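Each remark here refers to the structure printed beneath this line.
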Amino acid sequence: MYNQVVHISTVGGALEFTDAAHEVRIADDPQVENALQVTFRVTGMECSTCACSVEKVVRQIPGVVDSTVSVLNNRALVVYHPASLNEKHIQKAIEDAGFEATLLQDYMKQRPARVCRLQIIGMTCTACSSSIETSLKKLAGVQKCCVALATEEAEISYDIRQIDPEQLIDAVEDMGFEAQLKSAGEDRDQVCLQLQGVNSVGAMKTIELLLQALPGVKSVEINTSGDKVLVGYDPDLTGPRCFVETVDQAKHESAQFRASLINQNLGSSRQERSKEIKQHGQYLLWSCIFGVPVFFLSMVFMYVPKIKDKLDERIVNMLTIGELLRWVLCTPVQLIVGWQFYVGAYNSLRHGSANMDVLVALGTNAAYFYSLYSLIRAATSKSFRCIDFFETSAMLICFILLGKFLKVLAKGKTSEAIVKLMELAPETATLITLDDEGNIMVEREISSDLIQRNDIIKVIPGEKIPTDGMVMWGQSHVNESMLTGEPHPVTKRIGDKVFRGTINQVGRLHLIATHVGSETALSKIVRLVEAAQMQKAPVQMLADRISKYFVPMVVMVAFVTWIAWYIAGIVGSYPKSWIPPSMDEFELALQFGISVLVIACPCALGLATPTAVMVGTGKGASLGVLIKGGLALQSAHKVKCVVFDKTGTLTAGKPIVVGTKIFTNIAPKDFYNIVASAEVNSEHPLAKAIVEHTKNSNEDNESTTSELFQAEDFQSVTGQGIKAVVDNKQVLVGNRQMMVASGISVPEDVDMHLKDIEKEARTGSVGCN
């Protein structure tokens, strides 16, 4: 047996590999702080000489800090700088030495990884998203990448020691697209603050030092312009409110600073969508202003004799007024409004791919410049008659911009579903400060985004709960239909959990914040919907693969069409009468080639599936149905049976009174008036249903609302019912527990009727005075 323990010491650090304990240790050393550690399974080693050979080969690789090889366990532990090489280089070196090497996946999982989300602007088709995805995957440190065309987002898993979000953004922008960081990574304990008044390096340093001095702050990063700061922190020790207050109280050379929390989900999302819709609307408007007149000049006015005669008047040689007008009107559409297609095509081709912009640019340029050639020839010839396609170029750009405008409108409406989910949370909250004895010292209103863990929050009846927490004192009913879909309020007592966005109905609650910001259930639902819209359905992946080759195939078909018709004309395969006057075989063939280019567009192929997924998940979220991506939607057609257990899915989502039985001699109208007078003061859904029922319960079908009595001493008993004094009579409306607690014996016939109701899964209420 060879080498029970292999120990190697180097200048860069020390590594130990103990076979008996299967233990790996790297000694602390500043030189290996930014290094990565990987482990390979190496087979083919027979003795310590083999192990030494592997070590020698690996340690000679530039960028390797140290290595340890165990012949007994067939393991090679390597520490290296990721900026210089990667695992594949090390693996190849071992294999070149005559051994087989396999990277152990368990060690891959230990690599420091993070996920970030980028907002990408400028993608027009799946060729764009595919080229971005391919280029990003080629970057060192990028482990996974998914680009969603419909949501214009990219989700990237990357090695934090090899690449950072700024480099990812630079890579996307280098491809000709705009990119913005939407989420910094899986570490949710970070906030971004907007700074005002920071206009010097000294001021930036002051703020950085003050924030770093706060307990629980892990990192502070201020951008070069000094208007934003990213703070990483431990939420058990501090939070965004402390950061904002620290910046607001800071001073540097009499300068006053202000900080505010940047809501990167809600405000920026709406602003970006509005800006995008406005921009595409302007493009469409200008293209129509110039393009529609071109269409009328070519297709409509030619059938109005007086206008046609005027347009056919010659200016120079064979050049007419109509042809000149069409050129003048088409040029701004082609060269100014359509400039975005030139930019997109250039960036696409520069990175070795062909997207929709390439196709549009080729088609419209072919039509425009052939028409321009024909126009110039007519202006310089006594016999050549101009045949132009200016209307084709202009109207094609108009229709494509119309499609883009409708697409961003649809995306805007769909993203509103996510925005509405986020709007379920209230904007403000009432923060309570307690003294050492638990007495309330101060109450103040703060933004709900500034709530920190362990804060004490007061919630009065009718308010939305601003954060996930636990009831410290108080008792109430809470409407949790936002989470469960059930309209019945849930009783909340001391120790019960409450959730952000739900509605407190009757009692006052004091709660302690347990989950804040992105930790809340509502935030997790939003992230789930966003993740679902990022996922690609299998059929979408197929469409992406087809779209990748669509543009080159269309160009090839157009070229073949042009050559085929040209050859057919040269050899006389079709009658000469098919060739219009002033044209030859070459020009006729060119027309057919242009036609193939201008009618082909991969937009629908690439956008249909992701748009359907986006609309489906967004609409589902707004109705309380969470769909986990395109795969779930595509598989839904295989469902044979659907089981519903959620009120509001198949029902109206609110209770209604289906029957009434009076066991005394009181007149129905008087009974309804007394009960409604008591219940009208309650916010409970059952009370609202009873009041609504009384409006249509009189024999004359007249509303009784105006005849209601004024209720006195109204009291709502959580989980039981209500008490009130109506017309000088004590009125109770509630369940059996309400009657028993009030010392009232429920008659046997009433109790039997309640049991019959409950067997039908209905809720029974008893009213008495």
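Just so you know, glycine gets a Cβ as well, placed from its N, Cα and C.
Curation plays no part in TrEMBL annotations; they are all automatic predictions.
Per-residue confidence over the domain 'HMA' (36-102) averages out at a pLDDT of 81. Marked as domain 'HMA' by TrEMBL: 36-102 (among others).
What TrEMBL lists as domain 'HMA' is 114-180 (among others).
The annotation domain 'HMA' is assigned in TrEMBL to 189-255 (among others).
Residues 311, 322, 325-326, 329-330, 332-333, 336-338, 340, 390-391, 394-395, 397-398, 401-402, 404-405 of the same chain, all 6+ positions outside the transmembrane segment (283-304), place their C-beta atoms under 8 angstroms from a C-beta of that stretch. Positions annotated as transmembrane segment by TrEMBL: 283-304 (among others).
Positions annotated as transmembrane segment by TrEMBL: 324-342 (among others).
Per TrEMBL, transmembrane segment is recorded for 354-373 (among others). If one looks beyond the transmembrane segment (354-373) by at least 6 residues along the same chain, the residues whose Cβ comes under 8 Å of a Cβ in the stretch are 124-125, 127-128, 131, 326-327, 330, 334, 338, 340-345, 348, 388-390, 392-393, 396-397, 400, 551-552, 554-555, 558, 590, 593-594, 597-598, 600-603.
Long-range contacts of the transmembrane segment (549-568) within the same chain, counting only residues at least 6 positions beyond its ends with a Cβ under 8 Å from a Cβ of the stretch, are 127, 354-356, 358-359, 362, 574, 585-586, 588-590, 592-594, 596-597, 600, 602, 605. The transmembrane segment annotation in TrEMBL covers 549-568 (among others).
For 588-609 (among others), the entry in TrEMBL reads transmembrane segment.
For the domain 'HMA' (114-180), residue counts in helix, strand and coil come to 22 helix, 25 strand, 20 coil, using DSSP. Across the domain 'HMA' (36-102), DSSP assigns 22 helix, 24 strand, 21 coil.
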